[in-house]
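**Q** Sequence annotations record features per position, and here Swiss-Prot assigns signal peptide to 1-21. Among the features that Swiss-Prot reports, disulfide bond is placed at Cys116-Cys158, Cys147-Cys194, Cys151-Cys196. If you look up Swiss-Prot, you'll see 227-317 marked as region '4 X 16 AA repeats of C-X(10)-C-X-C-X(1,3)-C'. Among the features that Swiss-Prot reports, repeat '2' is placed at 263-278. For 306-317, the entry in Swiss-Prot reads repeat '4'.
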Amino acid sequence: MYGEWAAVNILMMSYVYLVQGFSIEHRAVKDVSLERSSRSVLERSEQQIRAASTLEELLQVAHSEDWKLWRCRLKLKSLANVDSRSTSHRSTRFAATFYDTETLKVIDEEWQRTQCSPRETCVEVASELGKTTNTFFKPPCVNVFRCGGCCNEESVMCMNTSTSYISKQLFEISVPLTSVPELVPVKIANHTGCKCLPTGPRHPYSIIRRSIQIPEEDQCPHSKKLCPVDMLWDNTKCKCVLQDENPLPGTEDHSYLQEPALCGPHMMFDEDRCECVCKAPCPGDLIQHPENCSCFECKESLESCCQKHKMFHPDTCRSMVFSLSP
């Protein structure tokens, strides 16, 4: 009888150890999968940021709420007569944005100036035409347009896509001098279109130069241990810590960049109106507070305001003093 119970206990303990081992292995595989997924997200974001060719594209990837504001400011830039009340209202609504709008404007102007495009430059005529050393021109150089500027990837170069030829009147002089300088027409290539094009075989991913990084050494007296699903190994503390204390790269909380940070919890951003508006409208018989979006019953009316010698504003349920022009 005792032998049978011993055998049963041994079988039960073996089963428990087997289940625990499977659970630990499953958590380890899940942690590795999560880390790979985080790296993939980071690499994809890095590629998108590197490929951004305008400030608008960069903001759209990195800070979506500033991108919305930037689009609005571009839309409002043509409106010169914006009253001070409206301007103050908007500056309050956009107080949570990450970048200053004026700074973005300066950066955008600088970016546009450095884009790949035809630029006026000076070229040496003799070198351009491949003339011999005993022939030279006066003036020796002419102004033409050539492609120049920066591209957004290391594997491409700013190159011309269309060319025209312009004629310049110059003096051609040969040595030894046998006659007076001759006035001749010279045709010089003038770039009219430019584009960032690959200089060689294109790889699926652009080569990214990085500084050499020394792998982080584990100074813990014992090797890394497997941690529970909601925890990670911390090399500095030599123990398992909660993911909130030591999050994986790319998994940090970026909720402050989302729409609630820009407009508040009860509002959403209206790109057409270029301002924050309430998410849910109030029923027809209630008035909506413009700041906290709460619904309330209007106590004022046209009659009550007339008795106070004031003007009734139905949208805000407020009585306003008459403004009489002189």
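Note that Cβ sites are derived from N, Cα and C of the backbone, with glycine treated the same way.
In the displayed structure, how are the listed features positioned relative to their neighbours?
**A** Same-chain residues at least 6 positions away in sequence with a Cβ under 8 Å from that of Cys158 (disulfide bond) are, in sequence order, Cys116, Cys147, Gly148, Gly149, Cys150, Cys151, Cys194, Lys195, Cys196.
Cys196 (disulfide bond) has a Cβ environment of 18 other Cβ atoms inside 10 Å.
Per-residue pLDDT, averaged over the region '4 X 16 AA repeats of C-X(10)-C-X-C-X(1,3)-C' (227-317), rounds to 68.
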**Q** At a 10 Å cut-off from the C-beta of Cys147 (disulfide bond), count the other C-beta atoms across all protein chains.
**A** 21
**Q** Under a three-state reduction of DSSP output, how is Cys147 (disulfide bond) classified: helix, strand, or coil?
**A** strand
**Q** Using a 10 Å radius around each Cβ and counting other Cβ atoms from all shown chains, which of the disulfide-bonded residues Cys151, Cys194 yields the largest count?
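**A** Within the set of disulfide-bonded residues, the most crowded position is Cys194.
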**Q** Tell me, by DSSP, whether Cys158 (disulfide bond) is helix, strand or coil?
**A** strand
